[in-house]
């Protein structure tokens, strides 16, 4: 009875796979926006068919980790791509409120596909890190002061190699496609065709996982500023910092004072040259008598300073008198012309 049920399920599995694969190709080459109703209907239909196909594969138990790649039939190799197709269609879903869920679900599908291919040794590649390992690596990398330039260079080189391999695989696929789809290819060509498809999807899955991890990190950190603001607001306010005075400015204020009159009017060299010019410098402790020119210049300077002081006092006196007059005579005082 179980064998008859399997026979009824087997013919439907290729149909489900090919239909869902065709829907994914239509979505990828469509010119309409991804968020349009037509595209989203195709995405939902493809995911529904792939879910049924995955259930059938689980019931039929086509793949086992105890067997080698050579033990899998050539016609069954393509069903290893079911998780990769699920991940690709999940990435096409458009719903901003559920974007994080879609990314995590797509990541699970891609990791499942890569794990299967790694177990069967379909190609040489490094499995992506799990959530636990990635969390530990993020903690370790955050504690480092500088990024690991060697790791970044190796990642860049790995991307370049994957890109070259992907282009080579696509070129070989285009050469085998017509013969395989028309049924004219032998078993060896069919097997090579499906293996090339698997290797192409391995490269695509690795690229998608990198972009998924980056987008998940951005979405999770989007709400972190709010949490940090809440944490900062709960902390007690610190007292304001005391003003500080530079030692240099403090010492300079002691010498020159804080206002303009305290500043020096001439340097020591200027003073020395001025006194040397008029011959009033001391000679061996005995001061020379001041010359008539120097005495006359000194007297003129004193007279000028006295005149300046007197003029300043007069100007100040006039300003004070004017202020007193304005206090006792309000504006408009004495204007008797416009009285009613």
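Yeah, the Cβs are placed from backbone N, Cα and C, and that goes for glycine too.
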Review point. Looking at the ranges 63-82, 223-242, which is given as region 'Disordered' in Swiss-Prot?
Key: 223-242
Practice item. Using a Cβ-Cβ cut-off of under 8 Å, list the residues of the same chain that are 6+ residues beyond the ends of the compositional bias 'Acidic residues' (302-312) and lie near it. Key: none
Point to revise | Counts of helix, strand and coil residues, the region 'Interaction with PPP2CA' (99-203), according to DSSP | key: 84 helix, 0 strand, 21 coil
Review point. Quick one: DSSP breakdown of the compositional bias 'Basic and acidic residues' (313-330) into helix, strand and coil?
Key: 16 helix, 0 strand, 2 coil
Review point. Looking only at the compositional bias 'Acidic residues' (302-312), what are its DSSP counts of helix, strand and coil residues?
Key: 11 helix, 0 strand, 0 coil
Revision key, fill the gap. Around the Cβ of residue 242 (N6-acetyllysine), other Cβ atoms within 10 Å, all chains included, total 5
